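Working notes, beginning with the structure itself.
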């Protein structure tokens, strides 16, 4: 029987949102899961699993599938948004009228605002006001492994210390899911956006056939780009050596569960952008993130040569091999002070 209030309302019933809802419910919490497609929600309720992406993971009894947005939002004090970054602002506008006076917002979306490159915290503040507590979770997480209960660790940053502790307690499970609090709200957000871009580059490199040396060099210099941009925005450099930085970057650049990596591999193998996106069949966050990270880097005058070349491939039709040669042919640099 459903209680008066759930521990968490998850907005976004894709693979990752569903995996997080399953994890919370498996921890013994009542969780409400809402998605924008009523037919899809009805199918989730009928099957009691996500047949498309997580067919082997049954929903715990405490996971409640909800089709009505107002009911989903008011069911819990804490609202977890797990949607693609390009619709993040639109979703906040949708949920705003239904938020409770004591609502708190957390998101697992990795990216920046479409076109503007703004951090999602700025979108949330502009849309929902200054008083609502905000938080973000990020780190090396593939939905299938998380839903299956395989060991996973993430970073959590919040604007409010009490909210951070509450979320850590809700999410943390000693058997499989470890949650690290991190006070760097900017850095935890930024890492998840930049790693998507670098993962496309790693995929391109492997698709061309450049080998492990090249992939590792690209990951390492990609981390340098992430750190430079973070420093310009006031992030803590240590964050980028943690779960939301290096952890997520390595995972996304090296494992074929990553859509961004697979997308890049197809480009390196000769697919055009549209064909590669169609073949993936799900949102490739790094495609839009590349444009937005470039905008943000230009705003802060941060040199990001890998990001620039990936942008040239995705939006200007540059050949992937030519992009790689452009990177290799750059002038000599000092490792710690050059781009």
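A Cβ is built for glycine as well, from the same backbone N, Cα and C atoms used for every other residue.
Record check, Swiss-Prot: NADPH site residues include 15, 16, 36, 110, 143, 283, 285, and the candidate from 259, 261, 262 also listed there is 259. Annotated sn-glycerol 3-phosphate binding in Swiss-Prot involves 110, 139, 141, 195, 258, 259, 260 plus, out of the candidates 102, 248, the residue 248. The binding-site residues under consideration are 36, 110, 195, 259. Their Cβ neighbour counts within 10 Å are lowest for 36. In this entry, 15, 16, 36, 110, 143, 259, 283, 285 make up the residues listed for NADPH, with the farthest two CA atoms of the set 22 Å from each other.
Cα-Cα distances to residue 141 (sn-glycerol 3-phosphate binding site) place 16 within 10 Å, out of the binding-site residues 16, 36, 110, 283, 285. Across the residues the record lists as binding sn-glycerol 3-phosphate (110, 139, 141, 195, 248, 258, 259, 260), the two Cα atoms farthest apart are 16 Å from each other.
A C-beta separation below 8 Å, combined with a sequence spacing of at least six in one chain, links residue 260 (sn-glycerol 3-phosphate binding site) to 196, 197, 199, 200, 203, 252, 284, 285, 286.
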